[in-house]
Every structure is written in structure tokens, then in C-alpha cells.
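Structure first, then comments.
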Amino acid sequence: MAKPACVFLPPAFLEATRAIMPADLSMDDFIAACQRPLRRSLRVNTLKISVTDFLTLVQDYDWRLEPIPWCAEGFWIERGDEELRLGSAAEHLSGLFYIQEASSMLPVSALFAGAEAPSRVLDVAAAPGSKTTQIAALMNNQGGIVANEYSASRVKVLHANISRCGVKNVALTHFDGRVFGAALPESFDAILLDAPCSGEGVVRKDPDAMSNWSPESVTAIADTQRELIDSAFHALAPGGVMVYSTCTLNAQENQQIVNGLLATYGDAVSIEPLGDLFPGAKQALTAEGFLHVFPQIYDSEGFFVARLRKHHSVPPLAKPSYKLGKFPFTPLSGKDSAEIAQAAAASGLAWDKTSRLWARDKEIWLFPAELEALVNKIRFSRIGLKLAERFTKGYRWQHEAVIALAVADGKQRFELDATLAQEWFHGRDLYPEPPPQTDECIVTYQQQPLGIAKRIGSRIKNNLPRELVRDGVLDFHQ
């Protein structure tokens, strides 16, 4: 458990929070919860491993895992050795789990509540990727997700996390989220708008989160949120579901934003109450059916979640005036696609018909078929994953493709022990005894793919991308 930090709570914030605090909750408990260290939590990445198999894998570790009630894959975690970063664990490096705050698992759980099975999803404010990867896992890498991030620097982090988790059904965009209603009207059957906010709920993680807080800043942020939710609603197809969420507590950024949408669009939209989302949800349920999570309720961050249903079309927004430019990819023929799939299978890689091959010069990419209809409607930073580069003598398979597409029973797999796996993540060449029998192999640890490598004599040449190389001590439970 992290050491307590002195959390700054502005007097005006405390006064505003006191005014909206439910009668069955106490301000003293709220302030005490804000001053306590935040419990660490993780979410098992079921694209890589089942929850049952994960629990079996780590059962001998000095980890105490407590299930998170609203996410079947989520657990609070306490470890015997807190000195080693959880992010340095072998299971994190290989994508078996994502370090994610418990409350932030709520919006995606709400999006997929009941029998909801969307095929095309928009994540309006996606970085760093916790919710995008959670969505991808619940979709089992099928369908398609447009993951948008306005901050250029955070797009790289978003891609890194998607790649580590073996996600293949995502397209990345880099826009102000207010463009989607005009650019892609009625194009998604589910939308997550985890809106930028004043961050009142995250003080346990960031003691200085409120240092720039003011009533004026809340008003300015709420203005943006109103525009974002309106745009997202236009991008939602009739019959579709949208979740609006924030990690803040005030009504101006939460209830008032949703109620404003209801007032604008009348019977085109309705609230779907979340009181039955999980056992104990009613402790945070508002009269309208939203979840308003104060940190003392579940000993978590503060959060707000609303689930909305669109019932029919609304008048469209003006079409955007931007120019897209020429799309640089072309779809591959059936013959070319079959040849590449055969070569990939020989190297231990495979995919299904929900992905299709496109080319840009010598690059071969694997696009989610569900998102092909959006090509030439909006500019993408990247779609799907880069599968290979084509050369005269064959193909050079790419790291992200190996992580997402390696088959479990491939003959080219070469299992490393803990010592060699750490060397791999440190970016060093390996000298296993005996060496692999094939010139090219997919190196694995705990049966999970770590990357692709070439055998040169008795040496395995390390091809781990430089940005993934780790320095320092790693936690491999030898």
C-alpha cells in the first residue's frame, strides 16, 4: 500500500461537495477517504488468458487479490513486496493484465450491461487505453473500435498499450472529439464518452489534482462536455447505447450534462438505470438512475456513470469542411491474401475473416473489416495492426502482429525460462541451451508470445522494439 499523502482540497470544493453529498453519506468519511492511499487494482486481459488460468498462474505469488464487484476480470491487489513496481511484473509486460483503477472499469461494464453486443464502438477520449483494451476484450477482438485521443503525445501511449494487450480490432484517430457527430453521423452502435473533466475524484492517486481547481474552471470544462456529448449522440446509431462518464463529482459536469442532452432531444434519448449493474450498485444510485460514486462508498476513486439509449434519428449536424487527402492503402486481392496467410501460418500466425489485408508500398496491414466502411470518411492515425513488410525472399513479421496473432500450438514457439525472459525484456541477445531448431522463432514465456527472433548460430537475436526495452529490476518470480 502506498504511503499517505497530504491531499489538497480547496474550501470552495468542499463547500460545493457538501451541498451535493447524499444524506446517507458523511463529509467526514469523504474527507477521510480522500486522504487514504488508493488501493491498487488490475484487470485480467482475457484476450490473452482466462481469469481462472490467471488466478492459477499467480496463486503461489505473495499477491492478495480481492474481486471487484462490477468487473468480472478486475481485482484489487496487495503484494508482499511493494518495492517492485507492479508494472515490472512478467505478467504485465506480456499483456496478461492491465493496471487499471477499479472505478474506471465501471463505464465499460455499464456499456456492455445486459445483452449488449456492439459490433462498432467509439471511444471518444481513449488514452491511455485502459477502457479501449477493456472494450476489445469484451468484444473478443471482433468487430471494430475507433479509439480517439486529442493529445498527440498520448496517442503513442494508447498505441503501446493496445499493442501490449494483443488488440487487433482498433483504429486510432487524433481529433477533437467534437468532430465525430458531423464526420461520422449514426455510425456506431455503442459509444463511450469518458469525458475530460476537473478530476475531483482522482485526488487519492494525485494529491495535487485539485491545485488548479476553481468554480470557473469547472464551468469552462462543462461547456466542452456539453459539446462533446452532443457530438457523440449524433455519431450514435438509432437503437445504440452511449455511456457518459467522468472521474469528477460535481453535478455541473455530471447530472447537468446528461440532463441537458435529455432536454435537447426529448424522446430520442432515455436513461437506462444502473441499479442492477452489480451487487451493491444501489449504494451509488441516483434518483435518475446514474451511478454517482463518492470515494468512501467502495473505497475507490470518485466516478460518475450514466447509460443512455438513442431511440431515433435527430436532425444532422453540418457536414465537416476538412479535406481527407488520398487514403494510402489498397485492399489486397484474394490471391495475395491467401499467399500471405499461408506464409504467416508457416511462421505461427493466424487470423479470422473479421480482419482483411491491405497494403501500403511494401507494408502489409491487417484491418478490422467492420471499420472498412469508415475509410474515406475520416482520417485515421492507424488502422488495425502492421502485419509485415514484404521482401523479395519473403516477409518480415512485425512485433505487434506476433503479440496479437501467435497461435498457441505453433511449432515455431520457443519457451524461455525466467532468466532468459528478463534478458529479452532488457533488450539483450539470448544464448539458450539448447538453441531453437528453427532459424525464426516466436519466443514465449509462460506460454505467452514476447516477440519474434532470428537464430544466428547459437544466439537468438533480440528484435524487441527499442521503446519496449526495460531497464532496472523486473519481477519474474523465479
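Any Cβ shown, glycine's included, is placed from N, Cα and C.
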Annotated companion of Ala125, Ala126, Ala127, Pro128, Gly129, Ser130, Lys131, Asp176, Asp194 at the S-adenosyl-L-methionine site, Swiss-Prot, chosen from Glu101, Glu149, Glu216, Glu227:
Glu149
State the count of C-beta atoms found within 10 angstroms of the C-beta of Ala127 (S-adenosyl-L-methionine binding site), not counting that atom itself.
22
Return the single residue from the recorded positions list (Ala125, Lys131, Asp176, Cys247) that has the minimum number of other CB atoms within 10 Å.
Asp176
Using C-alpha atoms only, work out the spacing between Gly129 (S-adenosyl-L-methionine binding site) and Cys247 (active site, nucleophile) and round it to an integer in Å.
15
Rounded to a whole number, how many Å is the Cα of Asp176 (S-adenosyl-L-methionine binding site) away from the Cα of Cys247 (active site, nucleophile)?
19
Pairwise Cα distance for Lys131 (S-adenosyl-L-methionine binding site)/Cys247 (active site, nucleophile) [Å, integer]:
13
On the three-state reduction of DSSP, what should I expect for Lys131 (S-adenosyl-L-methionine binding site)?
helix
